[in-house]
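Engineer: I have a structure here, written as structure tokens, and I will follow up with some questions on it.
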């Protein structure tokens, strides 16, 4: 099998999943299944119509609405349609950007790091070091 690996940031995936069902596994091994209706840049999120499952999987709670702090999240599961949607959007953005990859001129940009006029220490100034 050949898998095309592209970087997909979890935050862009999460923002695309607003309004969709999502499963969140917490660091304490509890799971929350519900509809994502809000998230922020720290991955804090609000879910509606949530079914919370205990870490053992033997107890369930139905919660109308809950808030999950981003640093308590272990993993997320979103529908495949959302992943495909984000893949399409990122490929369109790359095509429209006009240049492949990232970056610009490298370190320093134009006019820096050429060797002349570097630093403040002792060295060869005007006329020094010629003819020695």
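Yeah, the Cβs are placed from backbone N, Cα and C, and that goes for glycine too.
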Engineer: Check each of the ranges 37-84, 85-132 against TrEMBL and return the one annotated as region 'Disordered'.
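Structural biologist: Region 'Disordered', as annotated by TrEMBL, spans 85-132.
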Engineer: Count up the helix, strand and coil residues in the domain 'Sm' (9-82) according to DSSP, in that order.
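Structural biologist: Counting residues by DSSP class gives 13 helix, 38 strand, 23 coil.
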Engineer: Report the mean pLDDT of the predicted model across the domain 'Sm' (9-82), rounded to a whole number.
Structural biologist: 94
